[in-house]
Each structure stands twice: as structure tokens, then as C-alpha cells.
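**Student:** First the structure, then my questions, so here it is.
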Amino acid sequence: MNLAAMDPQTYDTQLEHKRIKLEQAFAQFETPSVEVFASEPANYRMRAEFRMWHDGDDLYYYMFDKVLNEKVRCDQYLPASVLINQMMSALIAELKPNPSLRHKLFQVDFLSTLSGEILVSLLYHRQLDDQWRADATALKAKLSSQFNVNIIGRARKQKIDLDKDFVVESLQVNDKTFLYKQIENSFTQPNAKVSVKMLEWAIDATQNSQGDLLELYCGNGNFSIALAQNFNRVLATELAKPSVDAAQYNIEVNGIENLQIIRMSAEDFSDAMAKKRSFRRLEGIDLDSYVCNTIFVDPPRAGIDPDTLALVQGYERILYISCNPETLKDNLQQLNETHKVTRFALFDQFPYTDHMETGVLLERR
């Protein structure tokens, strides 16, 4: 975190520097002009994590400033959603005078939504007992007069859900509303409004598509659910069980009937497609019946492994969302041999940082 860089008045300048840096870094691939999708300059993060500092009777949130090399008190936090900032104030007022709730509390995580739900996770360096549960239940009841809130307590090998451990986000994407179950302690897009722009860009990039779509690393179905409208069928893979469970919920609640989720890694799926190995999880699924002309990938920061990259290269069109320009550039060295970049986008998920989220559409040469 660099608090000094978080100045909304300099946001446009910082974003322009990112655009220039990105265009220069990828100039060798003769990309089209970068499509730039800006963030809100403040209150854009839907989740935030704070450490807790105990100072006598005082108790406050803090973060570590890497530039100043010191902890910084955070009574409010400019990047966090308005809902998180409101909850920060209300929550700390209740925690301070309560011995049970504050005892050995070392971290608080917030997960909020545009739909108005918020999840608060309290993390402790002690085991949670009946007194904690009673006080946390009373806390939830009091906060519920102002917020649509759920509370989770965590300690070593212990997790207490007072109600549920997820929120349901509602995103307006073009003329459609999509609902997404987001589970505590699982990956979700941090900047909801930029996430909407990413979905709309991906939908536009795949308009008038032929055949089916294959998606690797689908998470909770964020993209595959929105993109299903552009394809006959969608086949998606994800390894993390909580994400797969959330994806199945999201498929049902959004009424998507042409999307199949398989729980397996991209590497294993590559082996299955190459018929190197058979997998019980694929029983009843006829991979050969899918006519996938388009593949969508949103890999982790490490990028795409060599075997999967070879698989990806076999498709006419590749839609690649990247959270790491360095590994995207490395992957493009190979993909550029057979495909040409026809669209290139910068999504500013993380203002005031060096982080750049990018989107690339590649089409066979």
C-alpha cells in the first residue's frame, strides 16, 4: 500500500501512464490501440483487509505503508466501498468496549457488494467460545438495524458462521442483471464496476460467435455466465471446490441452461483433450460433441503452462484476460506465431498501483 499515491486528483494522469507503459511493453506484437476502462477514483474496492492494533483502551484498523515502511492508522479507507467505510465506523464502535469481541482480535476482513450486502470476518489468535458466539450474535443483531450484514469468526482450525459465509452480488451488464454468489475467503473481482466493464467488453468481443466456448480457470462463473448468451454451449473448468460450488449456484440462479462446469485443473483438462489420460470426472461428458471455435482463459498470475498453451493455440479465437502483463507477454511470444492480436484492453482494477488487468482477443492468422 502507498497512501501518498491515493489522490483522486491525479487519477487520470496515473491511468494515462499505465496506458503508455502497456502500449510500449507490447509494441512488438503490433497490437491495436489500447481500449482503456477507468475505475472510479475512490470507493471502488468491494473488499478490504485490515490488521488491528490494540493500544490500551483504544483499538483501530491499520495497514502497512511500504513506502513509509510503517503502519498507518485507517479509520477510513479511500479505495474501499462506501459500504465498507460505513461499516468500519459502526463496527469499531461496538468492538472497542467489548472484552470478548476484541480479545486477541488481529484482523478484520470486509466483503461488500453493489447489491448492499456486506460480510465481516473477525480473525483471532485464540479459540472462540460460547461467550464470543453470544456477543457476536448480539453484535450482528445491532448492526442489522443499519446493514444487511453477516459475521464470521475465525481462529486456528475454527470457523463460526452466524448465518452464512457468502454474499450475493448483483451486476447490471448491458441490459441484463446477473447474480453472483461470492464466498468468504475465495477469489472475487475486487472492483465491481470495472468488472462490469470487463464483462461488457468480453461480450462485445465475442458477438456473432459461431459454435461453442471453452473456458479455463472459470472461478465462480463470472465470465462464462455472462458470455453464454453468445454461444450455443459453454464448457468451463475450475479446480477450487468453493468456486465450483458457487458457479453451480450462479448457473442456477441466473437460469443459464447451456453451461457445463467441470471441476478439474487446466493442466488435467489439456491431457483429457489430448486423450493422454481418462478422468472419472468427465464420465458422461462427450468432449468430442463440443465445437469450440473460441477459448476463454483467465489464468493466475503465473500465466498459462506450456501444455495448456499448446491447447489454447488450437482454437480459432482466443480471449485472454490477464492479471499479470509480464506472463501475458511471455505467453504471447508463442501465441503470436499462429494468432494476431485484434483487440487490446486495459482495465484499471487497482488504481494507484502498478497493477494492470488486461484483455486480449487473438484471431488465427
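Keep in mind that glycine also has a Cβ here, set from the backbone N, Cα and C atoms.
Pulled from Swiss-Prot, these are the listed features:
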| type | residues | note |
| --- | --- | --- |
| BINDING | Q189, Y217, N222, E238, D298 | S-adenosyl-L-methionine binding site |
| ACT_SITE | C323 | active site, nucleophile |
| ACT_SITE | E357 | active site, proton acceptor |
**Student:** Give me the CA-CA distance between the residue listed as 'active site, proton acceptor' and C323 (active site, nucleophile), in Å, as a whole number.
**Tutor:** 5
**Student:** Do me a favour and check the Cα-Cα span between Q189 (S-adenosyl-L-methionine binding site) and C323 (active site, nucleophile); whole Å is fine.
**Tutor:** 11
**Student:** Excluding Q189, Y217, N222, E238, D298, please set out which residues of the same chain place their CB within 8 Å of the center of the CB atoms of the S-adenosyl-L-methionine site, keeping sequence order.
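**Tutor:** The surrounding set, listed in chain order, is F187, C218, G219, N220, G221, F223, S243, I321.
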**Student:** I'd like the number of other C-beta atoms within 10 A of the C-beta of N222 (S-adenosyl-L-methionine binding site), please.
**Tutor:** 27
**Student:** Rank the binding-site residues E238, D298 by the number of other Cβ atoms within 10 Å of each Cβ, and give the residue at the low end.
**Tutor:** D298
**Student:** Give the helix, strand or coil assignment DSSP yields for N222 (S-adenosyl-L-methionine binding site).
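**Tutor:** N222 (S-adenosyl-L-methionine binding site) sits in a helix per DSSP.
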**Student:** How many other Cβ atoms are found within 10 Å of the Cβ atom of the residue listed as 'active site, proton acceptor', counting all protein chains shown?
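**Tutor:** If we count other Cβ atoms within 10 Å of the residue listed as 'active site, proton acceptor', we arrive at 22.
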**Student:** Would you mind pulling the longest C-alpha to C-alpha span across Q189, Y217, N222, E238, D298, which the record has binding S-adenosyl-L-methionine, in angstrom?
**Tutor:** 16
**Student:** What is the number of other Cβ atoms found within 10 Å of the Cβ of the residue listed as 'active site, nucleophile'?
**Tutor:** 18
